[in-house]
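Data block below; observations after.
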Amino acid sequence: MTNIRKTHPLLKIVNSSFVDLPAPSSLSSWWNFGSLLGVCLAVQILTGLFLAMHYTSDTATAFNSVTHICRDVNYGWVLRYLHANGASMFFICLYLHVGRGLYYGSYTYSETWNIGILLLFAVMATAFMGYVLPWGQMSFWGATVITNLLSAIPYIGTDLVQWIWGGFSVDKATLTRFFAFHFLFPFIVAALVMVHLLFLHETGSNNPTGIPSDSDMIPFHPYYTIKDILGFLIMLTALSALVLFSPDLLGDPDNYMPANPLNTPPHIKPEWYFLFAYAILRSIPNKLGGVLALVLSILILAIVPMLHTSKQRSMMFRPLSQCLFWFLVAILFTLTWIGGQPVEYPYIIIGQMASVLYFLTILVFMPLVSIMENYLLKW
């Protein structure tokens, strides 16, 4: 008799995706981050659902409702800090996942890669709207500054900002709609994840060598399920340690002050995972130029497949490209640090230099070095 997992209409889909899926035998731990992102999304949806049961999206009560969750709701503080630090874990896994794709040339699967970029934008939008909900000082001013950037769009900018705000400033209408969208977006993200996996399973996974692995495949279960479970345990242990020992490590102390439109914080900054893009935005003195640079800092990923000039797919056997890749990582760390510093000398000039190097490395240095490596292959 045929196994039910191979005949049942629903189980058949699960089976072909997670059990009998042929996977390359050489996948390293860098391939764990996709499944870790799935766990992060599940944790965020679950904790978010329970938080939404106690949260009120009204400017008069939002801040107090978060305080109420932490003080009066059973294990409310665990829910709140799991959700806040879960977002940080989400972005750590996201950036490592994208970095792995860049390093091993996974971007040559253009459909999967482009859906991934859409996912990145959707998760960033979700996180931004979520940061506004506690209605602390940094929530309010972060929302004001970031939404106000849209006013740089010629002709329709000002109308667009007022349309998003639902008035002439960030107020009750803004908070209510941000809560509605913050609740909705994770489910859109979950749907996009399905499409992401659909396209991935059309082509099969890449592997560290970048060489087709059709001749050397193993079943996903039990080999990679066990490996993924180990990843889950490590990540959930790290998240638990962060939540239980230093829950405010990655947060901003200003957000423990209720939102006050009459008092601007000394330094408005977003959460740490947006600081690199924020530094690029601030490094350009022109408002429209800054907004374009901000969007392009992420959108540049979409043209990476077109800039692939190497004869080899992966960077595994390309030492010069490896050096440039780690140089790019160092630039991103520098930008993240600069984004958290005040706008003054020498931080301004360091941010500008790092921003220029970020775009130059991706657009010019990497394609040129790849061409050079092609010539070295002929020696």
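In case you wondered, yes, glycine gets a Cβ from its N, Cα and C as well.
Predicted, not measured: the structure shown is a model, and the values here were computed from it.
Feature annotation from Swiss-Prot assigns transmembrane segment to 33-53, 77-98, 113-133, 178-198, 226-246, 288-308, 320-340, 347-367; the stated evidence is similarity to another entry. Among the features that Swiss-Prot reports, heme b b562 binding site is placed at H83, H182. The heme b b566 binding site annotation in Swiss-Prot covers H97, H196. The feature ubiquinone binding site is assigned by Swiss-Prot to H201, with similarity to another entry given as support.
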Remote residues contacting the transmembrane segment (288-308) - C-beta distance under 8 A, at least 6 residues beyond either end: 98, 102, 105, 107-108, 110, 113-114, 117, 120-121, 124, 149-150, 152-154, 276-278, 280-282, 355, 358-359, 362-363, 366-367, 370
When counting Cβ pairs under 8 Å to the transmembrane segment (178-198), the leader among 33-53, 226-246, 347-367: 33-53
Residues of the parent chain within Cβ reach of the transmembrane segment (33-53), under 8 Å, 6 or more residues beyond its termini: 69, 79-80, 82-83, 86-87, 89-90, 93-94, 96-97, 100, 182-183, 186-187, 189-190, 193, 228, 231-232, 235-236, 239
Recorded stretch, among 77-98, 113-133, 320-340, 347-367, maximising Cβ pairs under 8 Å relative to the transmembrane segment (226-246): 77-98
Spatially closest candidate among H83, H182, H201, the listed binding-site residues, to H97 (heme b b566 binding site) (Cα to Cα): H201
Rounded distance in angstrom between the Cα atoms of H83 (heme b b562 binding site) and H196 (heme b b566 binding site): 24
Around the Cβ of H201 (ubiquinone binding site), the count of other Cβ atoms that are within 10 Å: 14
